[in-house]
Amino acid sequence: MTGPSLPRLAPGSTIGMLGAGQLGRMTALAAARLGYKTHVFAPDAAGSPAAQVSASATVADWNDLGALERFARSVDVVTLEWENVPVATVEHLRRFTGVHPGPNLLSVAQDRIAEKSFVNGLGIATAPWRPANDAGEVARAAAEIGPRCVLKSTRLGYDGKGQARLDEGSDPAAAWSAIGGGKPGVAGIVEGFVTFACEVSVIVARGADGAMVAYPAVENRHKDGILDVTIAPAQVSAATAAEADRIARRIAEALDLVGVLAVEMFVTPDGAVLVNEMAPRPHNSGHWTMDACATCQFEQLVRAVCGLPLGSVERLADAEMTNLIGDDVDRWPDLLAEPGVRLHLYGKAEARPGRKMGHVNRLLPRR
Ligand code: AMP
């Protein structure tokens, strides 16, 4: 689907940003480089990574309609760095200004069942899955798919949170309660466990006019459910890389994306590519583009939502991105001293375990 171009917003315009974490921060920095201002809106915006580098910040609840209207009227366009912003919030903002990506796309991306149904509807494979809303349904789903499977909450899971692994002999009731089953609003999905050769992701940027660019597939290695290292480009066959690229572009197009979308995929030992999940925003696995590509993922988001031409995704170097999680950040003096290392810190005051504090990019000669 190809839509009309967005009105071109000139430098000097203000981008509204829903969410105030590191992704918002790095988008605001890219926006500033092009002469745009950023206004952050989030309940936790005060002193946040994004607010530290933005022209203004609104601290208010997602359902504060008055604050949302004032925010929308003070900006020229709205985008987001967190896909779980309530859809009703985005619907309200849209009465006053453009919001990209929009509510339809968000409602798909906020729910693992909606996401997998959408992807399967395009003829794209995922792990086998079943909805499960009590311990009995978990047991039945595991019997059909399993026995090795993963129970996940359908909404609000990230970095491996809200997940429980099941295997022969596991207690479905324990898994169900481990993901918060029984609490109001918690629904579950059981997915077959994929014995993958590697995990890859592709980041696509798309404009309202249908123009689209995609970065090469990268390989992602996780530790304790959290992204640890991204290797760019992924060391997979040309056919696998092309298939991952095709899948990500197909999804972006079918969702009528305006902005940036990351699609995470499993590559099986026989070369099949299965979609795991997607995020309609800049993604941790795209941080390498900040130092290794002609245009980084954050600038692509700015370009897409401001109606500018998308930038070149040319890869100037290969790269390895390593996250600095929790106390890892204390290594900053050594990292600064290491030649060729690009250090990015997010301005977070407290280094809690599992918290993403920054990342480093190491550039490598192009293979
Ligand atoms: P997710 O939150 O769905 O991205 O899951 C976090 C990580 O858990 C993934 O990046 C995988 O390493 C692992 N994982 C999630 N789902 C599965 C699955 N169905 N099979 C195997 N590993 C999985």
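Placed from the backbone N, Cα and C atoms, the Cβ positions cover glycine too.
Annotated features, as they stand in TrEMBL:
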BINDING   R112, K152, 157-163, 191-194, E199, H222, 276-277  ATP binding site
DOMAIN    116-306  domain 'ATP-grasp'
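A map of TrEMBL features onto the structure.
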residue	record	DSSP class
R112	ATP binding site	helix
K161	ATP binding site	coil
E191	ATP binding site	strand
N276	ATP binding site	strand
| remark: Sequence-ordered list of residues in the chain of K161 (ATP binding site) that lie 6 or more positions away and have a Cβ within less than 8 Å of its Cβ, or none, is G225
| From R112, K161, E191, V194, N276, which binding-site residues have a C-beta atom under 6 Å away from some atom of ligand 1? | E191, V194, N276
| Across the domain 'ATP-grasp' (116-306), what does the pLDDT come to on average, as a whole number? | 95
| remark: In chain order, residues whose C-beta lies under 8 angstroms from the C-beta of V194 (ATP binding site), counting only those at least six residues away in the same chain, are A127, F266, T268, L274, N276
| task | Would you count the other C-beta atoms found within 10 angstroms of the C-beta of E191 (ATP binding site) for me? | result | 21
